[in-house]
Amino acid sequence: MPQRFLGNKVTSYGGKMELTLEYTGGYGESREPLVVLKGNQMILVHRPRESLRPDHSNKITIETYESNYEQVNGQRATREELLTVLADLDAFLIRASHAEQQTSTSLGDVSWQIAVPRDTGSEQALEVEQCVCPAGYIGTSCEDCAPGYERSGHGPYLGTCVPIREQATCSAAGAISPRGQNGRCECKSYTTGAKCDQCTPNSFYLAPTNPHGCIPCFCSGVTQQCQSTTMGRVNVELDYRIGEREVLELSTSDAHSPMVPQTRPFVSGRDISFDAFHEVQGQTLYWKLPAKFLGNKVTSYGGTLKYIFKYTGAGNDDRNADVIIRGNDITLHLKADRRPQVDVENSVEIKLFEDKFTRVDGNPATREHLLMALADLDSFLIKASYNDDCASSSLLFVSLEYAAHPGGVTAYEVEQCACPPGYSGTSCEDCSPGYSRTGGGLYLGLCAKCECNGHATACNKEYGYCENCQHNTEGDQCERCKPGFVGDARRGTPHDCQPAQTRPPCQCHNHSPRGCDSFGRCLLCEHSTEGTHCERCKAGYYGDATKSTPYDCTPCPCPGSSDCFLDSQGQVSCRNCPAGLSGRLCNECAPGYTRNTQAGRQCVPIGRVGDDRIQFVERPEAIRVQVVGPSHQTAENGTNFMLRCYFDSPPPKDARLEWVRVGYLSLPKGSIQSKGILEIPKISFDDRGVYRCQGVSSISYATVDILLNVLNAYHPHGSPPTPMVDPPHTTVTEGEAASFRCWVPNIPDCQITWHKDHVGGPLPHGVYQTGNALKIPKAKMADAGNYICTAQNQFGMGQSPPARLDVTRRSKCRPPKTESCPFNQPVAPRVDPPEQTVNEGEPARFRCWVPGVTEVDLVWTRPGGQPLPGGAREHQGILHIDQSRTGVHDGQYECTATIRGPEPQGPMRAPPVTLRIAERPREPLRPQVDPAEQTVKEGDPATFRCFVPGHDNVQIRWSLPNNQPLPHGVHEQGGVLSIPRVGPNHQSMYLCTVFDPQTRQPYPAPPATLRIASSPAPQVDPADQTVNEGEPAQIRCWVPGQHDAVLKWTRRDGGALPAGSSENGGVLAVPSMKHADQGDFTCTATDPNGGNPRTAPNARINVRQPAQRIEPQVDPKEQTIPEGKPFKIRCWVPGHPNMEVSWRKIDGELSEEADEDRGIVSLQKSLLSDGGNYVCSARDPSTGEPVDSVPALVNVKPSEPVEGPFISPEEQRVPLKDAASIKCWVPGDADADLAFFRVDGAPLPFGSSVDGGVLSIPSAEKVDEGDYRCVYTPDTPEGDDEEALPKRNSTNSKLIVVSVRRAPSRAPIASPPLQLVPEGQPVMFHCHTDRHPIVWIRADGGTLPDDSYHEGERLVIQGASYTTEGDYLCYIMDDEGWPVKSNIVSLQLTYDEAPTVRVEPRVWNGKPGDKHQFKCIVTGNPVPTIQWSAPGGGPLPHDVTEMEDGILDFSNGRSELNGDYTCTATNSVGSESDHGSVNIGPSLTVKTTPSGPRIIITVGEPLEVKCEAFGDPDPEVEWIHDPGPERGDLPDGFKPITISEQFIKHPSMTLLNAGVYTCKGSNSHATATKNIYIEVVEPSKVATISILGGSSQWFAEGDGGELTCTATGSHLIDRIEWVKVDDQLPTDVEEHNEPGLLHFTNFKKNYAGEYECRGFRNNELIASSRVSVNSGAAPTGKNEAKVDIEGPSVRVVNQGEQVDLTCSVEGDHKGTAFEWSHLHGGSLIRRLSTSPKLTIASIDPEKDYGVYRCHVEDDDGIVVGSAFTAVSVGFKKDHSVTLKFDDNSDADLLCPVYSVPGSKVVWEKDGGDIPSTATPNGGKLHIKEFDETVAGIYSCQVTIGEEVVIGYVHAQIFVPDTIIQVVLEASSESVNVGDRVWFDCKVTGDPDAQVEWVRDEQDTLPESAQVTASRLVFNEVTESDGGVYKCIARTKAGPLEARSVLNVGGKKKRKRNQRRRARHNRRHAKIEKKPTHSLFGSLFASS
């Protein structure tokens, strides 16, 4: 109850409490109390004696006596207890739930009698006592303390009242209470002192309004010293009420891809408004404040944000945030306290403190969050949508306070920090000049001094790159010399880079064997290159000649002599096609040409003009071929199978159909084909493959392919793939193109490799592989031969049959003999090969041909003309035997050739060929080694593995070359060759030999090579630097790849290091350099494992000289512009292209309308006050002082005084009967007296009117044509003696009325649409049209630039500049004088930008065998080149591939790949890099049941999720959940989710229980986590179930019919049921009932009525929908109407297509008002459209599926009816839904295609059959024990009626979110006394882990042990060193450990008393662990 029912209610004793209750529905009566009273920490309840009646008004009266109340435990209340509660009533509660599943409840009048000390006319309250209170008490029952008294806390009931004790006087601002306790003040959290009147250290500004007293210092975490600023408050504001014109952007609040409505807001004279909310239905829109509200607004803290807005609309209030700010990747939300009012001006004022804001996750914001966001505001949003049916929204005023000098009221809440060097800003939020962000540190990061090698004095504050590099240097750190200069820029002196020598370097990219001349020009360019440096390909070739290989340039695949180039897509394109040809490769006929059906030119002109007629070439008739059935077909082994194809349209008369088998010369044995039908009897596994139906005519050709699979075609043990080639043989003439295709049947994505003549043979120059195809652009004689493609899988490598290429020499002379070409050489056929031996069952092939002759008939026979044996076929000179059989096919064959032509020759016989058939030999073993070679450091381990794919029982032996034995220290076991500690004697080639277990025949493997890496030399950085005297200097020394090297710095001259210098980790730091300290310094590195010391190159430190002073420049220095026109001034600093500049006005403030961007200040509309001198300032990098430019003078010329009146337009043309208007006005006189007249004296047009100076003609006629004027009558001046001012006329306005406008002329086309050019470059646009004249203008109507001109169709701008940027268009005039405009073209300036790089994702935690891709996302201008490198900067591993678009592909995850892979982007400005980390092989996994990671349940359902972890040792599991800060809005009885060991549980979920819960597994070695996202939804009862069709449907008697009920979200409903309202389903209808479908086989009149479809979830009804079924064909009665959606009830479309839904109404109704809604996933999205037709363009399969409702009302708002239709959307092949499941868990794949009851769903797996463990169930595929073998792409084919669509699901193995583990790696397995041994402790997943070494049962490590970094080293191990050693890693997930046992050879068992008793200092050390990129298992025995 509200407050008036609470407080002191003692006088209600004996009074009546009356209330009225009513509820409906439900069963059973609640046992909970009806009334609850809470007060003075006691609770009393009232339980009614009589039951409440449902559906009735229950009036209840309760007399306030103790007999009517009881305690919670059921005990009767006493009078004392009742009065104690009433003395201070905290809560008065009345029950609302009265029965189970009640549907509604209501509370009527509530009254409670109390006694008051006055006459009320009612009876006297005799039951209320009036006590005579002792001193100190007052009240009717002495329930209160008298003034001057207080409760003591002791005594009966409420406690005794005692005199107030004297209290300390405390600060009202700093103390919690003005009076202290026990004489002491209780201070607020940030105050101190006896009176709490002082701020604690590191805080400031004591204020009574601050609940903490003072404000803690933030200071960006770099200092704690601060005080209040002395700056005052000023405002930045937008005030549309006084004429503000800036147009704001409207969008949703999405940070990355906000939705923006198409309609722009419009600015009136008082506000900015928007009224097109229907364009973004269901979205919340926000006003985006302009740039002046963004940037650094730290000083806005404590200031006031004020805004005024107004809106109209209806519906529920929008509950999203009212204000959103974003900055520094922090987003904060703010909600206003007051609810806004509709259609009134709402004013909101908010003080910007952290208690007003919340984070995105709902948790309160902190002061740190708010200040970091304000430090760099990216966006400032104010809400525009205030309800879910918003009609319009306006913003009138916005202001934001910040602090500045000078200002108004002092901004005491803003801190002024004492910033350390390198920081600036009130909160140290910025880096000082000469410093930049480095990352690390708290909050905004640290600022470090720029390192520019002494060549620059400033760097970019955010990214650290140096600006304005001097002394002929360049680079991010000025670390290299500019082109044309040589030297070492890192030395740090002004003379580091000197001009290059007179003789330039010779750079010919390995293409000039003779080198260069004295000018550096290459003498002879080879390899088809040309240029001064052989840097480009010759004409007729393409490629990148700078790659420096002999194959850089490839011949152009273009006809004739056409040149080529690489287009923007990286494809080869021909530059100039020969006449008649076009297309990218000049392989298409150009416009006006057609294909030539005769010999000669490829394309001929369409027609030829003769003397008396035009002869046209007949256009070829195109043919199309289709196949019956799908493109993927399956046959059962051993059955007869048939394929059929047909012509899609009537074919030419000579067209024919024939089937071929791709990759084979013939069809399967016994196949029969006729008229497009192919019959294969008793099909077998060998008949699998691709079959092609060819449609062939004399002038056209078409094909269609079928992939045929045979069931049970998989070999149980696996086999290598069998690649196929197409065509198997081809012959081309020298210079022509040729190509072959290779593929593996049923494996579409197999990796293919092409070879020449034999496997491993290189491809000839100019022959290249693209995808799976082999391309020969221009065949040469040397290219002829056999080409073989190979494919490899886990069972081995397979190779294709050879594809034969024959090349004939091009010659003008061809046989046979003719008069023009005497051919005297004898012609004889040739054969190849002359002899051939094949194994039994293998194919054999012979080829016969006549060199240089193509018109020849070739016939193969047995000797003597005998026919060929069965199984032998011939085709175009090829004799092919599919399966060779001894006794049938062996022997000799002869080829006979007959040359056709005018003079035929032959027949001629070739020499016979011989075929021998041998017994099939045993398949040889093919051993492999991994890796083939490796390079390791001396002392590190090395391992080689030898194996035979598919053979596990072979014997393997390793040896050195010449069968020499293995060196000492090399071990082999099970095919693995291991060297625990590599020494100098181990560098060699190792040979592996495999012995066949049956034949004992040896098979050698490829050799494995081991190399020992030389010790790297130490390096220094920087090698040369210059610093100012007194400034610090620093040099770093390190040894690449060796982190434990001991580093020592000395001076080269032997002197002492500078005073105060220090050495730490190889870094020499000098705090203050003096002139005497300059010189050379030497770093010496010593390997702790032994070896000679190594010396790095000297590093030099010099003294910096003063830098040159900068001089900002301005352009133009003076300009004069008319008032109201725009102007711009550009400022730059020569030599400093990226230096920031700022503008100010000398003689006044810079206009608020002025815009500063990249050094340009601009003003769109100048005022007289904007004239004056403008100065540009830049900050000198060396001194930090601002430097001004010379002033730039702007003269604003006042507008010429005009009197008026003025008239517009000067001329207009309007169509007959259209409206026209003419406007007249007088500047400065808004109420001018204006009238219109016609110049010809005729009256104004009929029906015209004049209002506010506008003449409106509603319907123009021809008689209205003519000239119009307006006349202005000035007001008569005051005074009798003043004369009236004369009237003034305007100029003419001509009106032309055209009868009917013909279709407008074709619009001109302007090109190119966009030109991006650097400043100063000329620009040319073209206007394409057949009409003249052509006029060019700016798109905004402005004049063309001064330096531009147009001639003919061209617009030429002589030099691009910031004044010429913008949009242009051209136009022509049509025959009626109407302008016809072109499209808009744009000119934009380009600026060089340094690259930026981002690798996504940053980390890959995978398992062995996994696949992955990193993507490198880059920006920059020019477009940077991308280069990937492996960990350590080396080359990429063989199975890691760099692909297009910056993608790095990992095809097979393995632990050897672990590390950081770096992407480097480089352009002419600089380079930048980022990396992605690989971590393969987690030792610990977590699993949840259900799997997740997202679990969706409805309100009220129970929850139980189990967490399991697997690893060694057995891990422990726990659930982690952060609920955030305690909330005050949780309802009574709220129950959080219970976390109990492995489980999280809840009996009845609510919306407040949703969130992220983390399953964590951990053991002593590792931890792993998995996040589960629990989403709780409350489905709408209206939008969850829908009946397709109209809400009223008609069926004719005797006809059949059907009702379809469908769920709008498949995850919400698990059962659908039909019922008939107030009746039972008819018997014969019920018999045919199916889930969701209601069939009427033979509709009867008694079937009419109301039917209801019910949706159940877990057997609970959660939604329903009803339909009215009527008898008859259509509505016939009064007020009967039928609403329907045209077309089928289910629309089936594919992704990206357009859907048009049309709603219609039939029957009796009064007008129609339409409203479309979308029912999707249980939610209702309203007001998609209000027209009868709804169009969904480019449909999205994940957002636009579901049910669409058309709701219709009449003109009176009465509902006419509704109709529903479903939309099912298929997916594109490249668009799939990704689902992840735990390894070996049950997985449920849900089909992403929306389906309705009656749909048929068929599941398939890409590349094979669905697993045997999978069970399809409609739209769900259940897979038991999901693992890597069944992961992949699954497709669900949904058939709805005759339509079919497909969805795709990418099922993957889930990888834990985070894995942290510790592993040990040892140097040797067997250790003897005196050996050197070490342990390496490696931590993955936590780069900040600390490592500590200990020994079990010992206080210290042995004396001989040393700890270096994370390595434990024993230089000479002793017997006493044996034992168990532990590595303890302290990670962010807690301490982890790993153990290993050190067993020393020869060690005997010792007694405990033999141990050393001397205790040494503890030697285990805490080390800052750097990131590791390798995972190693321990080679020692684990304890």
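Even glycines carry a Cβ here, placed using N, Cα and C.
Note: TrEMBL annotation is automatic and uncurated.
Some features that TrEMBL has for this protein:
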DOMAIN    1-130  domain 'Laminin IV type A'
DOMAIN    245-416  domain 'Laminin IV type A'
DISULFID  C469-C478  disulfide bond
DOMAIN    506-555  domain 'Laminin EGF-like'
DISULFID  C525-C534  disulfide bond
DOMAIN    721-808  domain 'Ig-like'
REGION    812-839  region 'Disordered'
DOMAIN    829-914  domain 'Ig-like'
DOMAIN    927-1011  domain 'Ig-like'
DOMAIN    1016-1102  domain 'Ig-like'
DOMAIN    1106-1195  domain 'Ig-like'
DOMAIN    1482-1575  domain 'Ig-like'
DOMAIN    1579-1670  domain 'Ig-like'
DOMAIN    1675-1768  domain 'Ig-like'
DOMAIN    1856-1943  domain 'Ig-like'
REGION    1945-1969  region 'Disordered'
COMPBIAS  1946-1967  compositional bias 'Basic residues'
Inter-residue Cα distance where the pair is C478 (disulfide bond) and C525 (disulfide bond), in Å: 35
Counted with DSSP (H/G/I as helix, E/B as strand, rest coil), the domain 'Ig-like' (927-1011) has 6 helix, 45 strand, 34 coil
Any chance you could find the range in 506-555, 927-1011, 1675-1768 with the most Cβ pairs under 8 Å to the domain 'Laminin IV type A' (245-416)? 1675-1768
Reported as an integer number of Å, what is the Cα distance between C469 (disulfide bond) and C534 (disulfide bond)? 32
Euclidean distance between Cα atoms of C478 (disulfide bond) and C534 (disulfide bond), Å: 30
Count the Cβ atoms, other than its own, that fall within 10 Å of the Cβ of C478 (disulfide bond), considering every protein chain shown. 29
Residue counts (helix, strand, coil, in that order) that DSSP gives for the domain 'Laminin IV type A' (1-130): 18 helix, 51 strand, 61 coil
Range from 1-130, 721-808, 927-1011, 1482-1575, 1675-1768 with the greatest count of C-beta pairs under 8 A to the domain 'Laminin EGF-like' (506-555): 721-808
Within 10 Å of the Cβ of C469 (disulfide bond), how many other Cβ atoms are there? 24
Counting only other Cβ atoms and using a 10 Å cut-off, which of the disulfide-bonded residues C525, C534 scores lowest? C525
Averaged over the domain 'Ig-like' (1579-1670), the pLDDT of the predicted model comes to 82
What is the three-state DSSP composition of the domain 'Ig-like' (1856-1943), stated as helix, strand and coil residue counts? 3 helix, 51 strand, 34 coil
Structural state census, the domain 'Ig-like' (1579-1670) (DSSP three-state): 8 helix, 47 strand, 37 coil
